[in-house]
Every structure is written in structure tokens, then in C-alpha cells.
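S.K.: Residues or ranges marked as transmembrane segment in TrEMBL: 28-51, 63-81, 101-123, 143-161, 203-229, 241-262, 274-293. As annotated by TrEMBL, domain 'G-protein coupled receptors family 1 profile' applies to 44-291.
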Amino acid sequence: MVDKETSNHSEVTDFTLVGFRVGPELHILLFLLFLLVYAMILLGNIGMMSIIMNHPRLNTPMYFFLGNLSFIDLFYSSVIAPKAMINFWSESKCISFAGCVTQFFLFALFIVTEGFLLAAMAYDRFIAICNPLLYSVQMSTSLCTQLVAGCYFCGCISSVLQTSMTFTLSFCASRAIDHFYCDGRPLQRISCSDLFVYKTMTFSLSILIILPTIIVIIVSYMYIVSTVLKIPSTEGRKKAFSTCSSHLGVVSVLYGAVFFMYLTPDRFPELSKVASLCYTLVTPMLNPLIYSLRNKDVKEALRKSLKKKIVL
């Protein structure tokens with residue numbers, strides 16, 4: 001018989017984040033790797049936000065969305081990376097129950113918000129290419145603000161639902177979470193609750209989040225491709241496609257990593273951890289690089305900023 005005290009989730013005061021099952025000699029290497037990636041995330045995303053805010057030429061809907069993307073990348077990686085790095089040096093690797101709930105909530109909030117934001121960015125590119133003469137009218141400041149606010153609202157609602165469903169489960173099998181952060185799948189493994197209703201609800205919620213965003217992105221790009229192919233000049237087609245290439249790169253990296261993570265069988269937890277690294281740390285590191293290397297306006301703004309600093 002399961003002890004009443006251990007079967008009640010409210011009695012759980014902390015968890016243990018197992019992290020990567022590697023020898024102690026590799027902990028230093030992993031710590032340095034995490035530190036390097038996190039430093040690049042901070043530098044890239046803070047730099048991107050700074051460039052967008054300080055250059056009037058980038059005061060457009062596209063860069064307004066991009067600034068918010070950098071903000072989201074910066075914060076959701078900060079929810080994961082510092083605690084993971086601390087645990088490489090910690091003997092106990094503990095995280096409090098409240099800390100686990102907070103980490104789960106914030107990560108779910110930002111990752112879902114990013115998915116909706118990428119859909120809003122796809123819509124922005126659709127209007128820019130398919131209706132260029134009406135772009136400034138249709139993508140007004142108020143609409144852009146509403147779209148971003150809507151992304152955060154959807155992220156918040158989703159996060160509240162996911163967090164409340166997950167942490168009303170009973171955790172009695174173990175307190176050891178076989179992951180480097182508090183995620184849904186490893187938390188399911190240590191629960192002794194009946195998971196049928198939980199899995200059905202989380203699957204339905206995932207469909208409600210992923211399906212609309214993917215549909216908006218795919219439909220937007222179907223119209224974009226159709227419009228671009230009608231442009232008579234090769235140079236015109238190349239210029240139109242170049243405005244979308246960065247966004248497509250970001251979408252491919254994020255959704256590719258997420259699908260890889262959730263299609264990885266549950267019996268391979270170490271593979272799931274590697275897949276999680278892709279969208280928790282690698283994606284927010286690559287996003288500013290993709291936009292800065294593929295975007296002439298950002299490169300020009302960066303060049304001007306560097307010139308000013310050299311002169312000073």
C-alpha cells in the first residue's frame with residue numbers, strides 16, 4: 001500500500017534533477033559548453049534588441065516582431081541554463097517544488113508564445129509580399145501590438161493549463177526527475193496517478209497550440225510562393241525570397257527540434273535530453289545569428305553601431 005503522505009503531491013517539498021548521465025569528468029566539459037552557449041544567447045539576443053531599439057530604420061513591424069522574438073529567446077533560455085549549470089557542480093541537484101512549478105510555468109509560457117509569434121511573423125511576411133502597397137496600413141502599430149499581446153495571452157493560458165494539470169498529479173514513485181529541467185514527460189514517469197486523462201488533455205492542448213500556428217505559417221507561405229513566382233525578374237524573386245529566408249530558418253530550427261523531441265520514444269530519455277537542448281539553448285542561440293547573417297538591414301545597423309563604438 002502506498003503511504004498516504006507520499007502519494008499526496010502536496011507533501012513533495014523538492015525534486016532532484018538527474019541531468020545527463022555522464023561521468024564526473026564530463027561535467028566540466030558540459031558546464032563550459034552550457035556557459036559558452038548561454039553567453040552567446042545573452043550577447044546575440046541583447047545585441048539584437050539593442051540594435052532594433054537604437055536604429056530608426058528598423059522601426060518596422062518585422063523588426064518589432066523580431067525584437068519580441070529575441071526577448072522571448074533570452075528569457076526562456078534563462079529559465080533553463082543557469083539552474084542546469086549550477087547542477088553540474090552541485091551534489092544534491094535539488095530544485096524545490098515551487099522552483100520546479102515556476103520553471104515549468106515560465107518555460108511553457110515562453111515556448112508557446114514563440115510558436116504563436118512565429119505565426120504572426122509569417123502573416124507579416126505574407127502582407128509585405130502579397131499586398132506591399134497596403135502593408136503600412138494593414139500592419140499598423142496597433143495591430144502589431146495586438147498580435148504580440150495575443151501571442152503572450154495564448155502562451156499564458158496554455159502555461160496555466162499545462163502547469164495546473166501537471167502539478168495536480170501525485171508524485172510517489174520517486175522525486176528524481178530524469179532531465180536537466182522540469183519538463184512534462186519526465187514528471188509523468190515519477191507520477192503514480194492514472195495518466196490517461198492527463199495525456200489526453202495535454203495531447204489535445206498540444207494540437208490546439210501547434211495546429212493553428214503551423215496552418216497560418218504554411219498557408220502564408222503558399223500565398224507568398226505563389227506571388228513570388230509571378231514576379232517577372234529573377235532579381236525581384238530573389239529579393240522577395242530573401243526577406244522570408246531568415247524566418248523560414250527560425251521556424252525550421254524550432255519546429256524541427258520540438259518534433260524531434262516529442263517523436264523520440266520515451267524509453268530513450270538521454271536522446272530526449274539531447275533533443276531538448278536543441279530548442280532550449282541551440283534555437284535561441286541560432287535565431288539572432290540567422291537574422292543578423294541573412295538580413296542586410298541588421299548587418300548595416302550592426303556595422304554603424306560598431307563604427308560609433310570605434311570612434312568613441
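Just so it is clear, glycine is given a Cβ too, placed from its N, Cα and C backbone atoms.
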S.K.: Considering only Cβ pairs under 8 Å, which range in 63-81, 143-161, 241-262 makes the most contacts with the transmembrane segment (203-229)?
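M.R.: Of the candidates 63-81, 143-161, 241-262, 241-262 scores highest.
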S.K.: Sort out the residues at least 6 away from either end of the transmembrane segment (274-293), same chain, that have Cβ-Cβ distances under 8 Å to it, and list them.
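M.R.: Beyond its ends, the transmembrane segment (274-293) has Cβ neighbours at 34, 37-38, 40-41, 44-45, 47-48, 66, 69-70, 73-74, 76-77, 80-81, 107, 111, 179-181, 183, 246, 249-250, 253-254, 256-258, 260-261, 264, 299, 302.
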S.K.: Averaging the per-residue pLDDT over the domain 'G-protein coupled receptors family 1 profile' (44-291), what integer do you get?
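M.R.: So the average pLDDT across the domain 'G-protein coupled receptors family 1 profile' (44-291) works out to 89.
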